[in-house]
Number of protein chains: 2
Amino acid sequence: MKKAVVLMSGGLDSCVTAGIASLDYELYFLHVNYGQKTEKRELKSFNDLYKHFNGRDKLIVDIGYLKKIGGSSLVDDKENIEAGNVERKDIPRTYVPFRNGNILSIGVSWAEVIGAQKIFIGAVAEDSSGYPDCRKEFYDAFNEVLKVGLKPETELSIETPIIDMTKSEIVKIGSELNVPFHLTWSCYKNETKACGVCDSCLLRLRGFEKAGIKDPIPYDKVNSSVED
Amino acid sequence: MKKAVVLMSGGLDSCVTAGIASLDYELYFLHVNYGQKTEKRELKSFNDLYKHFNGRDKLIVDIGYLKKIGGSSLVDDKENIEAGNVERKDIPRTYVPFRNGNILSIGVSWAEVIGAQKIFIGAVAEDSSGYPDCRKEFYDAFNEVLKVGLKPETELSIETPIIDMTKSEIVKIGSELNVPFHLTWSCYKNETKACGVCDSCLLRLRGFEKAGIKDPIPYDKVNSSVED
């Protein structure tokens, strides 16, 4: 069976992406701790999902330097995670500069060594927080880098199967694939009960709501504005 | 003064690159430990060069995961650094898969946060070991990633001022710029006296030889075949 590296944060999107990738590939799970506030909870989800999907191997990497570099409320201990606003047009403070470039690069190094043909990432462009490194153009450009930056015999490319989907479409596909939503974690802020108010919770809740499917994870508070 | 991040291994090429960058930019020095065998010696050169060039700030990052991922004699403790052969056409075992992609990504994150406009890297395409991530096409493609993968207001690009130069040209330019060759370290294998036989030593020695300039660092052994 062909091999694929799956970049697995432990959230909804990467879980559904793993479900899609598992149809055709033997999965190698990569998780990156970068100093995000919910690092421990994400890692638990990662390990649970690795077991669930019967991954062939896993790699957990610590890149504390993104926290040292800073520039994001997701990694800065002095800055609070702001309440979400899924209608905003500018890039929120939760954006971690070039985070996905760093994570992809790690995945590329691993994939080339193990001989994987694909790297799956659950990036979502439209129904998201507007991060520049979640858009299709970014992955298209990165794929061009892979054509020229690896050994001539390496055939590796990035797959973004859910990039053009809305959150509700992602939830629906995940449901059809029977992925374990209860094992995932999306909240930027809390580690026991999801906060229900950060961007990531808002987008997730709205996705489940619109899909008509109940989100099985516990929430501290569900803002009624996302439920209309 | 405009800001630039310089990727500084501590070797000859990055030293000359810093000399070129220092003509127009305030320098921010980035060094990456990735489990290479001469990690400590390189770090010493990095710190010495940071002082010499009066850098504005420095960032030292440990990415031990490249050693964990393996696939290279440069990071694998069980594998010896092979004697160099600067005429070979295939990619030698010292190639670290997508290393420069990883290092560049760190530099990009830092550069975006501090508002630097350039990232300088001392990659050399022709007179080198033939690593795919040292070729101009790789950096051109990476620059396209930066156009779409960062905040709209970020203007950042990678500069490779010595990529088309031969080693002897690099030595000559470095000499004209009065860069401190004696503070640099290029050997893949040793940390006290350079081995004189690995690819990196061979290329360096040949460069100094052809430039008619004496290499001021100590060598354990100088293979006469590089001196013809």
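Placed from the backbone N, Cα and C atoms, the Cβ positions cover glycine too.
Keep in mind it's a predicted model, so treat the numbers as computed, not measured.
Classification of B:V16 (ATP binding site) by DSSP places it within a helix. The feature ATP binding site is assigned by TrEMBL to B:M8, B:S9, B:G10, B:G11, B:L12, B:D13, B:S14, B:C15, B:V16, B:T17, B:A18.
For the recorded site, B:C198 (Zn(2+) binding site), the DSSP three-state label reads coil. Around B:C198 (Zn(2+) binding site), taking its Cβ as the centre, 27 other Cβ atoms fall within 10 Å, counting all chains. Feature annotation from TrEMBL assigns Zn(2+) binding site to B:C187, B:C195, B:C198, B:C201.
Spacing of B:G10 (ATP binding site) relative to B:C201 (Zn(2+) binding site) is 14 Å (Cα to Cα, whole number). Packing around B:A18 (ATP binding site) is summarised by its Cβ count: 26 other Cβ atoms lie within 10 angstroms of its Cβ, all protein chains included. Each of B:L49, B:G122, B:T184 belongs to the same chain as B:M8, B:S9, B:G10, B:G11, B:L12, B:D13, B:S14, B:C15, B:V16, B:T17, B:A18, is absent from that list, and has a C-beta within 8 angstroms of the C-beta centroid marking the ATP site.
Cβ proximity to the Zn(2+) site centre (mean Cβ of B:C187, B:C195, B:C198, B:C201, cutoff 8 Å) flags the following additional same-chain residues: B:I81, B:G84, B:S186, B:Y188, B:K189, B:N190, B:A194, B:G196, B:V197, B:D199, B:S200, B:L202. Residue density at B:C187 (Zn(2+) binding site): 25 other Cβ atoms are found within 10 A of its Cβ, drawing on all protein chains shown.
Rounded to a whole number, the C-alpha distance linking B:C198 (Zn(2+) binding site) with B:S14 (ATP binding site) is 18 angstrom.
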